[in-house]
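**Student:** One structure coming up, written as C-alpha cells, with questions to follow.
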Amino acid sequence: MYHIVSSNISKISKNDDATINRDNNSYKTKFNSKILIIVLIGIVFHLSYTLSIFDIYFRSPLVHGMTPHKIELTPPANRLVLFVADGLRADRFYELEENQGQFHSRAPFLRSIIENRGSWGISHTRVPTETRPGHVALIAGFYEDVSAVTKGWKSNPVEFDHLFNKTKYSWGYGSPDVLLMFSDNVKTMETQVYAEEFEDFGADASNLDMWVFEKIEELFKNATKDQELNRKLKSNQIVIFLHLLGLDTNGHAYRPHSDEYLSNIKLVDRGVQKIYNLIEDFYGDQKTAYIFTSDHGMSNRGSHGDGERSNTETPIVTWGSGLRGPLPSNLQTEKIASLRGKAKEKLPVDTLTPDNWKLSHLFRSDVSQADVAPLMTSLIGLPSPLNSVGVLPIEVLSENSPEYTTAALYANTLQVWEMYQVKSDSKQKSTLLFFSPFTKLKDASKTIAKIDQLIATRQFEEAQILCHNFIELCLEGLNYFQTYDRPFLMTVITLGYFGWIITLSLYVINNYTSIGYNCNAKQLQSQIKRFETLSSYLIAITSFCFFGFLYVTDAPVLYYLYCSFLVLFWAKTIPANIVPLYLFLKDSFAQIQSSKGIYSGGQLLSSTTTTTNVSIIKNFIVIVLAAVSVMELLVVSYFYRSVLSLIYTLVGVFSIFTFYKNESLKLKLLWFGSCLMMSVFPLLPIDYGNDTNLVCFGGVLLFIISLLNYTLNIFGGASKNTKPIVNSVLMFVVLLSSYIVYSTDSALSRKIGLPYFNQIISWALLVSSFVVLSIYRGKGFYDHWNFLYLCISVPFLLLSISYEVLFVGCLVLNLTLWMYFELKTDSRLYPKLVSITSNNEPSTSLSFSKSAIKSNINDINITQQDIKRAILYIFFCYVGFFGVGNIASISSFEISSTYRFTTIFSPFLMGALLIIKIFIPLLLVAVSFSLLNNSLNVPRPGSFLIVIALTDIMSINFFFLVKDTGSWLEIGTSISHYGISNGFIILQLLLFSFSTLLVPTSLKHNNNNNRKRI
C-alpha cells in the first residue's frame, strides 16, 4: 500500500501469504483511513482554492486611514428622501401598458416627474445582484467583493463608512435584512422593521410596502405632537430611507411578468406620491431632494444574483432641490455608451431607449450604482463615504449652481485620490523588494494644483473635465494595487491544481495498477532514500522561499494556505508517490535502448521485448487524451447546454455499435431511446416557469417505472427475499407527494397561503425519506436500486416546480439500462492495464496480455473499462446537474421550489432545501456508480479518485476564464462557472461518502459470468 503523503511504502507482495490471507475487514479499514486523508485534503484544498478568485480578481476595496473632505459651500437641499424599490426591473417600470390603443404608465406619478420635474436613467448594478451588495453600493458607494454576499445578511463582516453615519439625523423603515445592516452603532439613525415572518411568499407581499408608507405617515403625524421629533425632522442634513421589499417578494413568488408584480409597481407609485405630498406639505420650503431607484432587478424566472441584463438594469428617477428638470434628448451630444465606476472599464450598455418606453425625446442620465452615494451626500452637503468609488453624476444636478457642482465634484476627487494614496502607501510598505509604482499618477500634485487654479478663476467646466479624468486615473490606480499580487497568486493556484491532479494520478497508479503492484522491491527501496532526501530539500527550500516572501510582504492568511498546498504536493506527495512510475519508465526506456529493434517514423520495426511496455504507454496516452477531450467538451457545455444533448446522442449511437454491440436489439433500442429522451432536457428553456401538472405527471412516471420493474421483472431484479411491502409503501408515497404538490400549489395560487397540514406532511416525508435511507437495505441488486431511487425521489418531487421529475424518471431508466449493460459486458474479456507474470513473481515490467489471469489480490486494480465508466459517470453527473437548473448561473435555482416547506423568507433554510434538490440527481448517479463498482469488484475509492482528478481539469479551465472586466453577465457567469466547478469536486467527495453508506459492500449483482480482472 502506497501512502498519499509518505514514501514509507508497504508494497503488497504476491508471495506474502499473510498479505493475501489477511482479514478482509481489517484490510478495508486500513485502506479507508488513507482515503479519508485524501478526502480531507481535497475538501480543504478546493474550499481554499475556490476563495482564491476573490483574492485574485475581487479583493475587498476597503482601506482605512482617510479623512473626509467637506464641501465648503451651502448645499442646495436640507434633506433627502431615498426610495429603494427592492427587485424593481427598469423595463417593467418604464414601459407603457397598451389598453385599447391607449398607452398608460404603471407609475403615473413618477412618469409625470420624469416628464415635467426631474431626470431619469438606468442605474447599472454589479454582480452579485443581491440585496446586501446592492444597498452597500447605493448607500456606501463601493462594490463589495463578490464573496461578501455569503458573509452575512444582517451584520457587516467589515465596518465601513456610509451615508447614514454622516447625517445629523436619519430614519429608516423596511426589512430587517437591510435596515439593521446600516443602523448598527449609528446613534443618529432611528429604524423600524417588520418581523421576518411578514416576508411570506404565500401572501400578498405588497402589504410590506403599505406598512412602510404607513410608518412614514405615522412619523410625521407624531412630529405634530412631539417637539423633539419635530426639531429633528426640521434639521438640515437629514435622510429618510424607505426600503420597499414587496416587489422583490412578489417577483420571487409570482415572477416579474405577473399581475401581482405589476400591480405592486402601481401601489409603490401611489405610495411615493402620497409621501411626496406629505413631506412637501410638512416643510413647505421646497428644500427636499428625492431619489427613487432599486438595488437589483429580477429575471423572468423570478430570481436574481447573476449578471443577466434584467438583473443589472434598474431605474433611477431624481427630482427636487438641487436636481435638474427634464431636458430634450438633442442636448445629449454623446449618449451613454460606457459607465464609470471601475478604472478603464467600459461597460457596453444599450444606448437606444426601447420604443415601448416612449422616453426617447428626453435626456437619459445613466449612472453606475455606486455613483448614487456621492450624489446623495453632495445634495445635502456631506462628505462622500470614505471608501466610495462612485463618481458624482453632475449631469443630474441643477445647472443653476455650477460653482457648487464643481466644488462637490472636487471634494469627490480628493476623497478618491486620498483612498488611492493610502492604498499605494500600504502596498509599498509591505513590498520590501521590487516595488512597482503606478506611474500614471506621478504628476498628481500638478493636476490637483491645476484644478484649484481653474476653480479659482471660475472655469468650472474645464475643472469638471479635469476632475473626471483624474478620478478615472485614481480608480485605475486602485485597481492596479488591488490586483498587484495577481501574477504570483495565479502561478501558485495553477501549480497547486496540477500538483493535486498529479498526486491523485500517482496514488491511483501505485495502488490500483500493476505499475505499483509489480514494482521490484530492491529497486524500490533503493530509490526511496534518494527521493526522500530530494523531498526534504524541496520542502526546506520551497517553504523558506514562499513563506518568507509572504511574511515580509505582510500577506493575508489565505496566501499561506495556498502556498502550503503547493509545498505539500510538489515537495512531499509527488516525490513520495512517483518512485514506482519512475522505475517503470526507467525500465521501459532501458529495454528500448538495449533492444536490437530499429525505429522508423516512430514505429518499432523489430523487437518483441519492448512491445508490451510501449503498448501500455500508448494506451495510457490514448486514455488520457480521450479523458481530457471529454472534459473539454463538458467545459464547452457550460456555455452551450446543447453540447450535452449532442454528447448524449453520440454516447447512445457509439455504445450500441461498440461496447454493447452483442446485446439484444430490443434492449439496444431501449437504451438508445432513453439516451434520446435524456438529450431533450438540456435543450429545454431554463425559465420554463411553474407547471404543477408536469410535476404530478413525473410522479406518475416514477410510479409506473417501479411498478413495471416489479411486475415484469425486466432485469431479473426480483429476489426471493425481497419484501415488496417497503417498495409498495414508497410507490404510494410518491403518489401522495404528487397530491401534496398539486394541493399546495392550488392553495398558493388562490393566495390563501401554505396549508399547515400540507407543510407538516411535506416535512414529515422529507425527514422520513432520509431516515429510511439510513436504516433499510434492499435484498437484491435491483431491489435495492429500486428502493433507493424511490426513496430519494420523494423529497425531489416535493421540491420540483416543472419538468424536473420527468427528468429524474428518464434518468432512472437510463441509469438502470447503463448498469444492466455494464454488468453484462464487463464479464467479457477486454485488454486491461494490469497483469501478473506467469510465474507469479513480481515483475519490473508491465505486461499487457488478454490471457494473463490475475489472482484474487489483483481485484484491487483499475482497468480501461473502469476509466471509461468513470468518464461516463462524470458526464451523467453534469447531466444530472443540468436537470434541475442552468449550470451557468447559480441564481437559476428558483426559491419557489421550497414553497411546499416554507413561504416565509429564510435565505439559509431555503438555500439548504435547494442544495438538497441539486444533490438528489447527483446522488442517484453516484449510487448507480457505486452499485456497479461493488458488483464488478472495482475499488470504489480508486474510481472516485479518478473522477476527482479528471474533473479538476475543468477547474483549471474555469480558473483562467474568470473575468473581472466586461459586461456584468460575463463577470457573473465566469464566477458561477468557477464556483460550480470547484463545488462539483467537493460534491463528489460527499457523494463518495454517501454512496458508500447507502450501498453495502455485501450487495452484489448475481451474474453467472463472474468478472475476470485481467
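Glycine too: its Cβ is placed from the backbone N, Cα and C atoms.
Keep in mind that TrEMBL annotations are predicted by a computer and have not been checked by a curator.
Among the features that TrEMBL reports, domain 'GPI ethanolamine phosphate transferase 1 C-terminal' is placed at 476-967. Here TrEMBL flags 35-58, 488-513, 534-553, 559-585, 646-662, 692-712, 724-744, 805-823, 870-888, 908-932, 944-962, 982-1003 (among others) as transmembrane segment.
Surface or core, plus neighbours and distances: that's what I need for these features.
**Tutor:** Sequence-distant neighbours of the transmembrane segment (35-58) (same chain, 6+ residues past either end, Cβ-Cβ under 8 Å): 4-5, 145-147, 483, 485-486, 489-490, 493, 496-497, 500, 504, 507, 556, 558-559, 561-562, 565, 568, 941, 945, 948, 955, 959, 962-964, 975, 978-979, 982-983, 985-986, 989, 992-993.
Same-chain neighbours of the transmembrane segment (534-553): 7, 430-433, 492, 559-560, 563, 566-567, 570-572, 575-576, counting only residues six or more beyond its ends whose CB sits under 8 Å from a CB of the stretch.
Cβ atoms under 8 Å from those of the transmembrane segment (646-662) belong to residues 630, 633, 637, 668, 671-672, 674-676, 678-679, 682, 821, 825, 828, 868, 872, 875, 879 of the same chain, restricted to positions at least 6 beyond its ends.
For the transmembrane segment (724-744), the list of distant contacts is 692, 695-696, 699-700, 702-703, 706-707, 710, 754-755, 758, 761-762, 765, 776, 783, 786-787, 790-791, 793-794, 797-798, 800, 899-900: same-chain residues at least six beyond its ends, Cβ to Cβ under 8 Å.
Using a Cβ-Cβ cut-off under 8 Å and counting only residues 6 or more beyond its ends in the same chain, the transmembrane segment (944-962) has close neighbours at 35, 38, 42, 46, 49, 53, 56-57, 490, 493-494, 497-498, 500-501, 504-505, 507-508, 627-628, 631-632, 634-635, 638, 862, 866-867, 870-871, 873-874, 974-975, 977-978, 981-982, 984-985, 988-989, 992.
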**Student:** Average the per-residue pLDDT over the domain 'GPI ethanolamine phosphate transferase 1 C-terminal' (476-967) and send me the rounded value.
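**Tutor:** Within the domain 'GPI ethanolamine phosphate transferase 1 C-terminal' (476-967), the model's average pLDDT equals 78.
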